[in-house]
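Swiss-Prot annotations:
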BINDING   Gly169, Asp170, Arg171, Gln172, Thr173, Gly174, Lys175, Thr176  ATP binding site
SITE      Ser362  site 'Required for activity'
Amino acid sequence: MELKMEEISEYLKKQIADFEKKADVSEVGIVTSIGDGVARIYGLDNCMASEMLELPNGVYGMALNLEEDNVGAILFGDDRLVKEGDLVKRTGRVMETPVGEELIGRVVNAIGIPIDGKGPINAKTSRKVDVIAPGIIKRQPVKEPLQTGLKAIDAMIPIGRGQRELVIGDRQTGKTAILLDTIINQKGQNCICIYVACGQRRQSVVQVVETLKKYGAMDHTIVVAATASEPASMQYLAPYVGCAMGEYFRDKGMHALVCYDDLTKQAYAYRQVSLILRRPPGREAYPGDVFYLHSRLLERAAKLSDAEGGGSLTALPVIETQAGDVSGYIPTNVISITDGQIYLEPELFYAGVRPAINVGLSVSRVGGAAQIKAMKQVAGMLRLDLAQYRELAAFAQFAADLDKATRALLERGQRMVELLKQDQYVPMPVEDQIMLIFAGTQGHLDDLPVSAIKAFEQGFLSFIRSQKEDIRKEIREKKELDDTLKQKITDAILEFKKTFQP
């Protein structure tokens, strides 16, 4: 085959015309020291705060300390894969996480990588992990109820969509159980739930996922897990990642619920990272910005205005106390940030009162605004009555003869405490809660022995479902009790009591 000179020159001209000068410039630094999940890097002069950095062997980091002569970065991965002298590349992007509907039903780690063995997640969008919370103009007051399905909470410490309600208590008092019941109760409520496991045992996370699968709640839930065996950097980041995933749904006009279990472990992880980065320690060796660590996370929970789509992000953070001390540094910080707290007490838990809520110390600062009118009508004075009952019960231990009114109050209180007990993983529809609390507060249970209350509850609800379904439907639709409806409920209670054998 003979090549003509004209063809060769034409081909060369075409190649020269199509030639593009491509110069790929990337700023590179060198690891000067590495250890305890933190790397010191020299040479990244233009690095941004919270920027993602690319290290060898697929390890990523995030710049936390920007100092004169080096950058302190936390690593998301095994620091044994990185050694002194390794090259570090800037990515030019701050820390991001994959978000979207593709993550629903999956278990991911703190950087959005799936760890449930179901293959990769092809998320179409990503969001910055740490963003500024919505401003005042973008919000509206919390006024829509988020039903937990727990009688004690929905009646006395109501939670609204967009609220931040702290669940606080010692270890093994049922904190996670409240979160799981709330997640299970969101089934069919158009609410996406994100459960963030921070610093927990892997076995505990497996149990949570299995429980959610068993009750069909994984269909609307994302689990973000940063277990105790993972680096402190992952435990520090996980709550922000969970929050960013929730914000995606909030900004689409949907409702989301994020459960942070628990923020005490996040504070421990942040303290560890900060001390290794040589940040000055403050009270209890925490860095000075540990309040900001939690406030900037929890402020992102919001009920957006109608102009912004009307979506909401509700936060249920958990704090673990030591020996019931709510006056510790981290507990007081988070109590002051949130819109109320549910305080769980070991003494009540061991006495068989579950959920073990101390009504006197628990509060919702949103209050009745987050309840439907029917619940406000039946449970308005319940909190006060129960708090009075607790005081009287303590006093009655020393008094031999009590007057009739005091005895009646104690009797009613015992029955209400029994009525508010609830088994785990059986959240109750709000219309059923209203009828039961109505029966208790109107004195229809006063003539029943305390031991028969549970049997009455189960029997009455099955009687209503089989014969008086119209009452449930009416409460659901009207959302308030008029005199006619009250009479219908009273008649149903009296009719059932005729056949009820305690």
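Residue positions begin at 1 at the first shown residue.
Even glycines carry a Cβ here, placed using N, Cα and C.
Counting only the Cα atoms, the space from Asp170 (ATP binding site) to Ser362 (site 'Required for activity') is about 14 angstrom. Look at Gly169 (ATP binding site): DSSP puts it in a strand. Put plainly, the binding-site residues Arg171, Lys175 were compared by Cβ crowding within 10 Å, and the winner is Lys175.
Across the fold, the C-alpha of Gly169 (ATP binding site) and the C-alpha of Ser362 (site 'Required for activity') stand 11 Å from each other. Sequence-distant contacts of Thr176 (ATP binding site), defined as residues of its own chain at least six apart whose C-beta falls under 8 angstroms from its C-beta, comprise Ser204, Val208, Asp261, Val318.
There are 20 other Cβ atoms within 10 Å of the Cβ belonging to Gly174 (ATP binding site). Residue pair Arg171 (ATP binding site) / Ser362 (site 'Required for activity') shows a Cα separation of 17 Å. The CA atom of Gln172 (ATP binding site) is located 18 Å away from the CA atom of Ser362 (site 'Required for activity'). By a simple count of nearby Cβ atoms, those within 10 Å, the most crowded of the recorded positions Gln172, Thr173, Ser362 is Thr173. Separating the Cα atoms of Thr173 (ATP binding site) and Ser362 (site 'Required for activity') is a whole-number distance of 15 Å.
For Ser362 (site 'Required for activity') paired with Lys175 (ATP binding site), the C-alpha to C-alpha distance reads 14 Å. Looking only at other Cβ atoms within 10 Å, the busiest spot among the binding-site residues Gly169, Asp170 turns out to be Gly169. Taking the mean position of the Cβ atoms of Gly169, Asp170, Arg171, Gln172, Thr173, Gly174, Lys175, Thr176 as the ATP site, the remaining residues of that chain whose Cβ falls within 8 Å of it are Glu320, Leu344, Pro346, Phe349.
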